[in-house]
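J.: Provided herewith is a single structure, encoded as structure tokens, for subsequent inquiry.
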Amino acid sequence: MTTPALLPLSGRRIPPLNLGPPSFPHHRATLRLSEKFILLLILSAFITLCFGAFFFLPDSSKHKRFDLGLEDVLIPHVDASKGAKNPGVFLIHGPDEHRHREEEERLRNKIRADHEKALEEAKEKLKKSREEIRAEIQTEKNKVVQEMKTKEKKPLPPVPIPNLIGIDGGDPEDNDIRKKREKIKEMMKHAWDNYRIYGWGHNELRPIARKGHSTNIFGSSQMGATIVDALDTLYIMGLHDEFRDGQKWIEHNLDFSVNSEVSVFEVNIRFIGGLLAAYYLSGEEIFKIKAVQLAEKLLPAFNTPTGIPWAMVNLKSGVGRNWGWASAGSSILAEFGTLHMEFVHLSYLTGDPVYYKKVMHIRKLLQKMDRPNGLYPNYLNPRTGRWGQYHTSVGGLGDSFYEYLLKAWLMSDKTDHEARKMYDDAIEAIEKHLIKKSRGGLTFIGEWKNGHLEKKMGHLACFAGGMFALGADGSRMDKAGHYLELGAEIARTCHESYDRTALKLGPESFKFDGAVEAVAVRQAEKYYILRPEVIETYWYLWRFTHDPRYRQWGWEAALAIEKYCRVSGGFSGVKDVYSSTPTHDDVQQSFFLAETLNRGSYNPNCIYVAVTHNKIFVSAVLQ
């Protein structure tokens, strides 16, 4: 299905002939070209020699290979018995020394053969004229273009679409609930219609300035993130005219062959997830085709020494890199750990195993790594395979990794026991080291930083209440009741973080320090940007318990958003939830339409979209 990433040839140019009077003898032009090839030959030989010398060095105990079943990765070896600073942290080795010696001998032979081949190719190049070289380059260009055209025309294999029950299941019998649901739908219409007028095709909307908006996670191109992200909500709410408008824009305008550096994680969850959700809901092939086109653009991000993907990738060149602020150039757990479900579905839809292999390689690597106190640190270096800073959180930087482990198990019809074991192991360590109860009796999830628990909980971590409830069934030692109760306690804590503000909307993070409980202390933590996590946990708890308090809490949050975040041009986040006269941040996030309003729809007719980020995990649940 896929072809290897190719570097563009357009930048390789042959300098034009100089037709002016020569300052050297007449044969100098030919000699200058020869000199370039000789220099290239010398440089190639030098690089090959340096690279080969590494393998000719005597065997050292400082380097060992470990086998993940898919490919070998070279990482430093630390012997915990001989004074390692962090005993047991990096003991990842292959058991067969003889096999590794044979492999190194094969590598030596390959280097020799490649070196001889390079010398022969360089000699042949020196014999050719400039015109012949130019013709060869043009032939290669034409070949690449033709291969790309042929690939684009190749149809994707047909696959059965799940029969989704309850998408159009009618109105609720309760008149009060029906009115509330219609209000949420009207809020969705207000957000969408203003985006349609003022920001169409842009990634997001500035509702006060009434113009398009974007951030660096989407790169420099206008890719219509709000359109793609909102498709499933539009369809579920029965807004089919709006859905068709989005479909037309995607079909005619959504182009991924742009020179733009994007976040692999964000583009996966919002674009690939959004497109696959729209495909499963509607059956329209264009969504599947676009999802696969984008996925192919993301594959070069996995070209790292360990197979852990870069945080960002250029959609045109395939060049990847990590965020400058991440610990020692590390990749982030919540980012490379939140690709699994979309990529598994891509392999299912295309018949191409490459997507499945990429994410399973990540899982296998993580399984072989030692974890301090059983916790997954948020940072992992994609070059060395070592953990970065020992910082663990269930909020930002870590959150959706745990969510995807659980949902991978559910998505497999509970047959992916490997994912379930990783989830259970992680949750047990989190409960032991991160989950505490405040003096006031509120259960919260702190953050582990270099052996110290920081008593701070982020809004993003509030999704965990719903996750614990969702994972209760199938938990170890028949602890379903325990985890359902734990989810309810987290829901209560997050509700308190809303209730203790002037706007009845929750801050970005809140402290549990002394007399301060469930309240933000720093000004930089007092904002609300239309996030869905608290409402999502209410929604899960309502579905599992039918306790009316969760519906009421969700409705109170919806009223607060309507009162304080609604502006004439859409909905905006606020900068201080403790101020009764808030200042707006003038951004309507795409996830507000895709997630926050989705959870508030109060659909009582079986549709159960069990997601925080992932949109394609759709199943039927009886009320």
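Sequential numbering from 1, following the chain as shown.
Placement of Cβ uses the backbone N, Cα and C atoms for every residue, glycine included.
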J.: When you get a sec, could you say which of 83-113, 114-144, 145-175 is annotated region 'Disordered' by TrEMBL?
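T.: It is 145-175 that TrEMBL annotates as region 'Disordered'.
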J.: So Cys494 is in a disulfide according to TrEMBL. Which of these is its partner: Cys462, Cys565?
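T.: So the cysteine paired with Cys494 in TrEMBL is Cys462.
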J.: Rounded to the nearest angstrom, how far is the Cα of Cys462 (disulfide bond) from the Cα of Glu508 (active site, proton donor)?
T.: 10
J.: Taking each of the disulfide-bonded residues Cys462, Cys494 in turn and counting other Cβ atoms within 10 Å of its Cβ, which one has the fewest?
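T.: Fewest other Cβ atoms within 10 Å, among the disulfide-bonded residues Cys462, Cys494, is found for Cys494.
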J.: Note down the number of other Cβ atoms within 10 Å of the Cβ of Glu508 (active site, proton donor), including every protein chain shown.
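T.: A count of 20.
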J.: Cα distance, Glu266 (active site, proton donor) to Cys494 (disulfide bond), nearest Å?
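T.: Cα of Cys494 (disulfide bond) to Cα of Glu266 (active site, proton donor) measures 25 Å after rounding.
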